[in-house]
Structure formats: C-alpha cells, structure tokens
C-alpha cells in the first residue's frame with residue numbers, strides 16, 4: 001500500500017489540505033435520523049468507542065460492538081465495558097454482515113488488520129467509519145469501491161464527548177468523506193447523522209477532508225499539544241530544582257500549572273491567559289514567547305515537513321514493525337525523569353499563584369500555540385482546522401498531566417501521538433537547554449516577576465499584538481459556538 005496523500009498531484013493535495021467549512025446549525029435539522037433503522041457496529045471499546053456508542057444509543061441508534069473472539073472468550077476489558085453498559089456484543093462474523101455502518105475505533109496500528117478482517121464481511125453498499133484518518137491517508141488502505149468511507153472526529157477525549165452530551169451539549173467535531181469511496185453520494189449525509197448522534201452538531205462541526213484532519217492532527221499533537229507539554233515540564237522542573245526550589249513544590253507547580261493556566265485559553269484564548277498576569281509579568285511573558293518562537297520555528301517546520309511528506313509516518317510504522325522498540329524506550333526514559341519522580345507537595349497553591357509563578361510556562365504555551373497555528377496555515381491548512389488542533393485541545397491535554405503527570409498524558413493519547421511527542425521533545429529539550437534556559441531571570445519561573453515601571457506605549461503594542469494574532473481572531477468566532485462547554489476542574 002502507498003501513502004494516499006503522496007499519490008495525489010499538487011493541486012489535489014492543496015485542495016484537500018485546504019478543505020474546511022464551518023457548517024451551519026440548520027444543516028443538522030434531521031439530526032441522526034438518516035442512521036435510524038440501520039445497524040451500527042462499533043469495533044473497539046476504548047474511550048472513544050464506548051463513549052461515542054453511549055451517545056449514539058441515547059440518540060436512538062441501534063448500536064452493537066464487534067470484538068475479536070479472544071476478547072470475548074477471555075472477557076477482556078473491551079468486552080466488560082460493552083456488556084456492563086448493556087450493549088450487544090458479538091464476533092466480527094456475527095455482527096459485521098448485518099451492519100449498515102461499521103465504525104472502526106481501534107488504535108491506529110490495529111487499523112489495517114481490523115479493516116482487512118471486516119471488509120470481506122461487510123454487505124454490499126455498507127459504510128465504514130473512522131474517527132482518525134491515518135489508515136486511509138498515511139497507510140493508504142484500499143477500501144472496496146461499493147463501500148462508503150466517512151470520518152467523524154470529535155476534538156476532545158472520549159470522556160469529554162460523553163460528559164458534554166449528558167449535559168445536552170457536545171464537542172467540536174470534524175467530519176469528512178473519502179473522495180475515493182462515496183459510490184452513492186450519501187457519505188456527507190451519513191457523516192452528519194453520526195456527528196449529530198454524538199452531540200457534535202451542538203458545539204460546531206467543520207466539513208473537512210481525511211487529509212486535512214490527519215495532517216493537522218499529527219502536527220498539533222506532536223508539537224504544542226503533547227511535545228511542548230513534555231519538553232516544558234522536563235525543562236521547567238530541572239530549572240527550578242537547580243535554582244533551589246523545593247522539588248515537591250516545583251513538581252506540583254508544573255503538574256497542575258499547565259491545566260490551570262491553559263483553562264484561560266478555553267474561555268478567552270491567549271488574550272485572557274496573558275491578561276491573568278500583571279503588566280510587568282505580561283511584558284516578560286511576551287518577550288520570552290517571542291524568543292521561543294524564533295528558536296523553535298525550524299523545529300516546528302521540520303515536523304510539519306515530515307508530516308506532509310510522510311517521513312514521520314513511515315518512520316513510526318517501521319517502529320511498529322520492530323515491536324515499538326523506540327516508543328517503549330522513550331516511554332521508559334520519561335518514567336525515569338526527575339519530574340515524574342518528584343515527591344508530592346502537601347501544601348495548597350492558589351489559582352493566581354500558578355500564573356504568577358509560571359510566567360515561563362505561559363510563554364511556552366503561547367509560543368507553542370502560535371507556532372503550531374502559523375506553521376499549519378502556511379502549509380495550506382485552513383485557520384479553523386489549525387485552531388482546533390492547537391489552542392482548543394491544549395487545556396484538554398493539560399488536564400491529563402494534572403492527573404498523573406506525563407505518565408497519564410502518554411497513556412491517554414494514542415500511540416501515534418505519543419511517538420510524535422517523543423520525537424519533538426527529544427529535539428526541543430537539548431535545543432532550549434543550550435540556547436534559552438541559561439538566560440532566564442529571577443521571576444520567570446517559581447517566583448513572581450517584580451513590578452517595575454511600565455511603558456504605556458510598549459504595553460499598548462504588546463496587547464495589540466496578542467489580540468490581533470490570527471488565532472485570536474478565528475478563535476473568538478469558534479469559541480462562540482462552545483460557550484456552553486463546562487469548565488475543566490482546576491487544582492488548588
């Protein structure tokens with residue numbers, strides 16, 4: 001199989017990278033009706049598989065779970081989760097032939113084996129669904145021409161998908177139809193119904209493409225969403241301890257600081273996050289972020305280039321074939337890091353202290369979000385897609401760090417995201433150690449910035465630069481559709 005994106009000519013590549021349309025709410029007046037009366041069979045009962053299934057069932061759809069025979073016989077966690085929630089469970093052979101829609105929600109590295117197992121069992125004219133297009137775009141999986149191939153990609157972890165639905169809302173969602181597999185022209189109608197069944201239509205849906213979703217998703221998770229959190233956590237902890245800060249305090253400030261400070265992004269973008277700082281701290285955070293952007297731009301561009309060409313995917317798939325030797329080695333190395341093994345801090349840290357003592361962390365978040373967005377849009381990805389794959393998801397991933405530090409983040413994200421995260425962090429950490437961390441000042445991390453004289457013109461210009469960044473402009477519009485989403489819990 002050949003990388004699908006690389007089989008396209010330049011015009012086709014640009015067209016698919018740039019496909020992005022915010023859909024109006026009146027396009028979903030029929031909600032999930034088109035799928036009612038059809039049997040929907042989900043393969044995979046992880047966080048996305050279970051929670052999407054629960055939402056779809058509550059929306060009136062007929063949902064069952066197809067699992068491997070061994071998973072059923074051995075009563076593995078996937079079988080237990082499905083049966084404990086009252087779903088019908090069966091083997092591929094029992095359930096797939098009757099399905100109008102088969103939804104593949106297994107991990108990326110299992111997709112080829114799963115799709116090759118279920119394709120011969122799917123009835124003529126059925127549909128195959130994904131929530132991430134890696135198998136189609138990067139692996140180049142060939143699907144039978146009578147099968148419609150669609151994607152519904154919620155831009156949140158599975159638990160959020162469920163919780164927002166239970167509140168009568170939903171999470172922002174990308175939908176797409178594979179242009180090589182829409183024989184009856186019903187792909188978009190099917191995708192809209194599936195998105196509505198998960199509640200996504202209440203929070204905003206982007207009509208995208210498999211290509212745009214995959215390339216932007218890979219870029220976001222490798223750089224700002226996971227890689228920057230990993231690199232920033234390791235660097236900031238080591239810096240504070242070297243400066244004499246109690247390791248327990250440093251560990252807590254970082255573990256919960258990402259979550260607390262980036263919560264402001266969800267409510268009001270980079271503007272609000274920076275507005276939580278004093279004027280002196282804001283000016284310092286802005287200056288640090290500009291230095292970071294200049295240093296890291298080539299690294300962000302390298303990741304984007306490797307994603308576009310397929311070099312990243314081919315390297316990762318080679319590691320799959322080699323038993324995940326690199327991935328598992330990097331995971332073990334992270335587990336041995338001083339930050340992961342820092343003692344617990346029993347004292348309380350106020351919400352504002354996370355901002356006041358975390359100026360460098362805020363600068364890192366700002367620089368990473370803006371660089372990821374800028375790099376994606378310069379590569380042909382539309383601003384709305386770039387926003388969802390950078391700023392929007394950052395507080396959600398930061399929330400996983402708050403649970404059990406980097407271990408939890410790397411458990412929750414996909415193996416694909418974890419592999420890319422390590423690639424980025426392994427390059428970013430030595431780069432910033434050598435060229436940046438040694439130039440920090442007192443007040444950048446672990447202590448507040450001292451108040452000083454403020455130049456009104458300078459403050460005016462910085463405020464204007466923050467507010468007029470393109471991600472702030474598109475973000476203000478998109479957040480308008482998400483204003484009812486619940487606030488992520490902030491530690492104290």
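Glycine residues also receive a Cβ, built from the backbone N, Cα and C atoms like all the rest.
Owing to the predicted nature of the structure, the values given are computational and were not obtained by experimental measurement.
Features reported for this protein in Swiss-Prot:
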ACT_SITE  132  active site
BINDING   45, 46, 47, 48, 68, 76, 78, 108, 109, 110, 158  NADP(+) binding site
BINDING   217, 221  Mg(2+) 1 binding site
BINDING   217, 389, 393  Mg(2+) 2 binding site
BINDING   414  substrate binding site
DOMAIN    15-208  domain 'KARI N-terminal Rossmann'
DOMAIN    209-344  domain 'KARI C-terminal knotted 1'
DOMAIN    345-485  domain 'KARI C-terminal knotted 2'
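A map of Swiss-Prot features onto the structure.
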residue: 47; record: NADP(+) binding site; DSSP (3 states): helix
residue: 68; record: NADP(+) binding site; DSSP (3 states): coil
residue: 78; record: NADP(+) binding site; DSSP (3 states): helix
residue: 109; record: NADP(+) binding site; DSSP (3 states): helix
residue: 132; record: active site; DSSP (3 states): coil
residue: 217; record: Mg(2+) 1 binding site; DSSP (3 states): helix
residue: 389; record: Mg(2+) 2 binding site; DSSP (3 states): helix
residue: 414; record: substrate binding site; DSSP (3 states): coil
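Across the recorded positions listed here (68, 109, 132), the residue whose Cβ sits among the most other Cβ atoms within 10 Å is 132.
The predicted model assigns the domain 'KARI C-terminal knotted 2' (345-485) a mean pLDDT of 95.
Looking only at the binding-site residues 389, 393, 414, the one with its C-alpha closest to residue 109 (NADP(+) binding site) is 414.
Binding of NADP(+) is attributed in the record to 45, 46, 47, 48, 68, 76, 78, 108, 109, 110, 158, and the widest Cα separation among these residues amounts to 22 Å.
In this structure, the binding-site residues 45, 47 were compared by how many other Cβ atoms lie within 10 Å of their Cβ, and the smallest count belongs to 47. Less than 8 angstroms from the CB of residue 221 (Mg(2+) 1 binding site) sit 227, 389, 413, 414, 416, 417, 420, 421, each of them six or more residues away in the same chain.
When Cβ neighbours within 10 Å are tallied across all protein chains shown, the highest count among the binding-site residues 217, 389, 393 belongs to 389. In the domain 'KARI C-terminal knotted 1' (209-344), the DSSP tally of helix, strand and coil residues is 114 helix, 0 strand, 22 coil. All protein chains included, residue 414 (substrate binding site) registers 19 other Cβ atoms within 10 Å of its own Cβ.
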